[in-house]
């Protein structure tokens, strides 16, 4: 049971993440863009963050950098969602402080596998 | 109740496509606007990504090329021009049908759109396509390079020191390796310094793992996929491994692996100690009080207000709520009636309290049904864009008062009439660019769509700066159609009303868009069915404007309850001007003609008793309710005026669709029904009777 922050401007993606992770026993907190995600991350602690990269207001890359600058986020895994096959984006996000990624479109099993890989009881 | 994510995607995609349309239209005006380009890219990106996730594969595949195109625009490799905007608009429409009604789509259309895009952006997208194809080919080729299955593997693992900070947990990765088969893990602590020099956030341990498993190399590398670039990973098949190392591992397997894990755990614990969670939490309120985060918070709040927190509710549920509230208002009226006829003070007090609550609830419910006109206005931008292109008339489309709110059902019913009016304005109103040049007007026409509140009504105006109405031609056409006698004296305003006549068209040529003579009469009927009015004004050479005057809501009105014979009826209070008594003297003066002298002005009146064939004795003191629609007035003669009444409108059943004098029905406090008079129809009736009275008098 982990507390997971999901940041995506697409409500359907957030909903799907919630539908997959909720029944697996995780508590999912939603945010609609990077700055909302950052605000929520400052307000409570999380075991994992799953974020989109392309978002209005504050994009995922900026949010990951800001999260990594928070003392409370040292060692907290951050996973980003990407449709890009191109490695440059992954490199950039990793350099910003991301732990891993999930390639969109993903299946529920893939999401669960990544969460299980990064969140330990 | 959890919603189906597919349904959420449909709704989300519909919203995204709407905003994409707006963004593209804006982009047509300001092709360099970075925010617009980013917004278009994001919308396409989300539609593609989420589409693929929820099984809309065709949507994802089709959207791919446009996402790529906008990515190129975003990166400044190609420019967004008018043609790209136009083809993207077609693509947007195609995506919409792919999502909403995939069976009706024709792949040929989709291919044509993509081909057009490819032509416009040149090699850009096709290059990325072949690149994508290349990647696929490459990944397809990979399995061929697979090694024969080995009995096991040795894996040497060394991470970059910084990986702990970014959330990678080496122990979890070792666990993942264990899930592939039995492991022997040896930790190398050689690079770990003395405790005093230890950086608790650095990962300095490296590992050597012997894995007994028939798994292939990819499965092992997949375990480390997220950290592949921040580590040294050497995977060697067990057979090729030096026997010396095997002996070493066998000699002290468990102790070493435990030592390794223990020290890593210690490192992690230290890392946690370096940034104690309790300190972080305790410092939060203080941090929030410092100026910078406060400003940030204010910024967030402001944005929150801008966006508005919204909840999606199905329209039917809203209607259901409105029905319930309507029933509550009726029940409350009955309660009030009983309470006030009795003498129980406690019941009276409760009845008043419930009346207050019910009217509050009614107002809030109506408020929930209110939507800003902007949602409707947005649709017309596309219409104007397309019409202006098809007709070759450049047009600026200006909207005013988008935040004016109206009942959502009204807004939906307003869409078709407005489409007609805007089409007319472009097709007939705005002159061709050549004609405009001759009159020293700007070559670009202007159409303004405006909405504003006037009392409990909303005025919606469609105004163009075209040539204005040709009164002479309308008159000639009316004479030709036998609507007026040649040379009859008529005001310009009255002549213009012929435009609302069924089958009336003065267009010289019938275009595909308008000029078929259907339209304006339908518009007028629709608006009147919404208890609204329509008016036309024109200034020759400077344009014309059509004004729609509409009530804010259709569901509940203030009515005047009256009695005619045994029946009770409702007259919408908005149409009532005044109530006067029909004295015997008036009757005598009228001499059988139905005219009433209201402060020196002759107003025709209609006896509702006659109209409804009422039985029983007429009340000796007949009352006249003077009602008006626009500038025309008519008196309605009734037996008794009971008082004002909050009227929840129930529509008449289809059986009564041919009834013209009533626009609906309502339930009264005592549970009986009352019909609602259609004042517009009665005014027309009164006027036509007055007309025949005049002619019979003339004869």
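Counting begins at 1 with the first residue displayed.
Cβ coordinates come from backbone N, Cα and C, glycine included.
Caution: TrEMBL annotation is automatic and unverified by curators.
Here's what TrEMBL has on this protein:
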type: COMPBIAS; residues: B:271-295; note: compositional bias 'Low complexity'
type: COMPBIAS; residues: B:296-308; note: compositional bias 'Basic and acidic residues'
type: DOMAIN; residues: B:1-102; note: domain 'HPt'
type: DOMAIN; residues: B:350-554; note: domain 'Histidine kinase'
type: DOMAIN; residues: B:556-688; note: domain 'CheW-like'
type: MOD_RES; residues: B:45; note: phosphohistidine
type: REGION; residues: B:271-308; note: region 'Disordered'
Where the residue listed as 'phosphohistidine' falls in three-state DSSP terms: helix
Segment-level pLDDT (mean, integer) for the domain 'Histidine kinase' (B:350-554): 82
Cβ neighbours of residue B:45 (phosphohistidine) where a neighbour is any other Cβ within 10 Å: 25
Helix, strand and coil counts within the domain 'CheW-like' (B:556-688) (DSSP): 27 helix, 69 strand, 37 coil
